[in-house]
Amino acid sequence: MFLKFKNIFFIVLTLSIVFNGLIVNSKNIHINNKNNNNNNNNKDLSSSESGSSSDINPYISQYNSERETLVNQENQIKLGSNTPFNSKEQQANTIFLNILQNEELSFSNNDPSGVNFFIEKQIIENESTIFKIIQNMPKGSALHVHQDSSATYDYLISVGSYLPNCYIYLTYDVNDANNGTFHFYDSQPTDSNWKLLSTIREGVSNVESFDQQLLDSLTLIGQDYGDYVSLWRKFDGIFGRVNGLVTYLPIATGYMEHLFQQMIQDGVQHIEVRKCFGDFYDLTGKIYDDYWFVQTMEELVLTTRQKYNMSEFALKIIGCNGRHNNQSVVYDAMVMSLDLRNKYPSTFVGYDLVGPEDEGYPLIYFIEQFAEIKKLGYQYQYPLDYYFHAGETILYNNTNLYDAILLNTKRIGHGIQLPKHPLLMDLVLKNDIGIEICPISNQILQYVSDMRAHPGLDLLNRGLPVTISPDDPAIFNYGGLSYDFFELTYSWGLNLQQLKQLAINSINHSNTFNQSEYNLLYNAWEVKWFNFIDYIINTYSNI
C-alpha cells in the first residue's frame, strides 16, 4: 500500500517476507581481548584472535541454525504454507514480489498504513501496478456484503433517481434525520419538504455537479467523522436515506444486476449478501415481501450465468435484523428465515443480527428465541444456520464471540476481538469456522487505524480460515474486492501463494448447496487462477 499526498511527499511501506526463505544479516563481531599481563604486551595476538573466533563462531552458527528452524516452524502454520504451488506459480510470484518491492522503493521513507482509505483511493487506482494485477486475480467468493450497500450507488443516482416521481426530502434543519432521503410517490406528499427531484434538476446550473453531491451524500467521503458513536450514526443514516431507492421495484433488480456486474468484473464468482428483512414497493403502493426478493434473485442468477457464460456463478442470501430489535421481532424473523431456508434451500442459507455490537443487544439476550428456533427446526428438512457478526468491537467486555461459537455459527463476521481469546481461536480452528475479515470497513469505522495492526493478521498467522470481504463498499465509495485485497497485500506482506489460499478459503467456506455445486465453483476458479498466473508471466516478465 502506498500513498502520495498532493505531490508533497511520497510514502513507502517496507515489506518483510520470510515465506520462501530466510535472509539472516549478521553484524560483524569484533572481539577485543585485553591482556592484563604487562609482560605479554608484545605477544603476537593472531593466535589469540583465532582462538576467540573458534570459540564464538560455533555459538553463532548454532544460534543461526536454531533461529532459522524457529522461523520455519512458525511459517508452517501460517496462511499458504501448505497451499499447492507449482514452478510456474513460483515464477509468477517472483515477478509479483519484484513489482511490489519496486513500488515500495519508488517512494520516500514515510508510512501510509495509518492513512484513511478515502485519501489514498485515487492514488491506488492511478499509480499501482500491484492493484492492476490484483484486479485481474480470481478471488472466489465475497462472503460478507450487505445487500443495500453492496454495489456503488452511482447506479442509484444516474439511473434510479432519474425515474419519474422520485422525491427527495430537504429541510434547512441539519439535525433532521430525514434530510436527503429518497422515495417515490405517485403524487406530491402533504409534507412540503418532499421535493420532486426532476424539478430541482431543472433549476440547477450544473446538473453533473448536483448529481455528484447527491452521490457524495450517500457515502462517508469528506464527512467529519467525530467520535465513534457519531460516526456510526452517520453510517446508519445513509441506509435510511437510500432505502427508498433500493427497495423501489423498478430499481431493486437493476441494483442487484449492478452488483453482479461489478463483482464478476472484479474476479468474484460467488456472492453472499446479508439482506435485512423489509418490503419492496411500487408506485401504486403494492408491497413485495422477502419471498418475492429471493425468488426474483434465483431468476436473476440464471440469466446472469447465461449472460457471462459462468455456470458457477451463485448468489446466497442471509436474512438479518438489526440487533436493536426486541425479542419478538427477532423471533418472528427467524421463523420466516426457517421457512425461506426450506422453500429456497439453494439460495436462502441462514440468519444474522447486524448493527453496532456495542449499542445493540448481545446474542445472549435472544437465547430463549434461539432455543425455540432450534426446537422448531426439527420439523423441517433444513435447520436454520447462523452467520453471526461477532467481535466487531473495541470494548473488552463484549461477549458475542462466546455465544456465536456456542450457537454453532458457520462463520464469524469481522471477529476483530478474536485474537484476545486464545481458547476461542482454538475452537474456531477445530470447528473450521470461517472468519470474514473486512479490512477497509474496519479502518473507516475506526476499529483499526493502522492496517498493519489489523487483528486479522494474527488470525492468519495462527492458520485460522480467514476470508476477505468488503462489507458496505457503496458507502465507502468502491465496488468489488480488489481494494481490500490490495490493502492487505501491502500491509501484511502477502505473496501470491497466500493470496491463492485466501481465495480457496472463501470457496471452502461458501454456502454451496451440494458437492456438485462446490466442485463447479472450485474447478472454474482454478482454471481462472492458472490463466491469471499466465497473465502475470506474459505481461510483467520484462519489468
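Just so you know, glycine gets a Cβ as well, placed from its N, Cα and C.
Keep in mind it's a predicted model, so treat the numbers as computed, not measured.
What Swiss-Prot records for this protein:
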| type | residues | note |
| --- | --- | --- |
| SIGNAL | 1-26 | signal peptide |
| REGION | 31-58 | region 'Disordered' |
| CARBOHYD | Asn126 | N-linked glycosylation site |
| CARBOHYD | Asn179 | N-linked glycosylation site |
| CARBOHYD | Asn309 | N-linked glycosylation site |
| CARBOHYD | Asn326 | N-linked glycosylation site |
| ACT_SITE | Glu392 | active site, proton donor |
| CARBOHYD | Asn397 | N-linked glycosylation site |
| ACT_SITE | His414 | active site, proton acceptor |
| CARBOHYD | Asn508 | N-linked glycosylation site |
| CARBOHYD | Asn514 | N-linked glycosylation site |
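Sequence-distant contacts of Asn179 (N-linked glycosylation site), defined by Cβ-Cβ distance under 8 angstroms and a gap of at least six in the same chain, are Tyr169, Leu170, Thr171, Asp173. Annotated pair Asn514 (N-linked glycosylation site) and Asn508 (N-linked glycosylation site), C-alpha to C-alpha distance, rounded: 12 Å. Cα separation, Asn126 (N-linked glycosylation site) to Asn397 (N-linked glycosylation site), rounded: 42 Å. The CA atom of Asn326 (N-linked glycosylation site) is located 22 Å away from the CA atom of Asn397 (N-linked glycosylation site). A Cα-Cα distance of 6 Å separates Glu392 (active site, proton donor) from His414 (active site, proton acceptor).
Counting only the Cα atoms, the space from Asn397 (N-linked glycosylation site) to Asn508 (N-linked glycosylation site) is about 32 angstrom. Cα spacing between the residue listed as 'active site, proton acceptor' and Asn508 (N-linked glycosylation site): 18 Å, rounded to the nearest whole number. Annotated pair Asn309 (N-linked glycosylation site) and Asn508 (N-linked glycosylation site), C-alpha to C-alpha distance, rounded: 23 Å.
Secondary structure at the residue listed as 'active site, proton acceptor', taken from DSSP and collapsed to helix, strand or coil, is strand.
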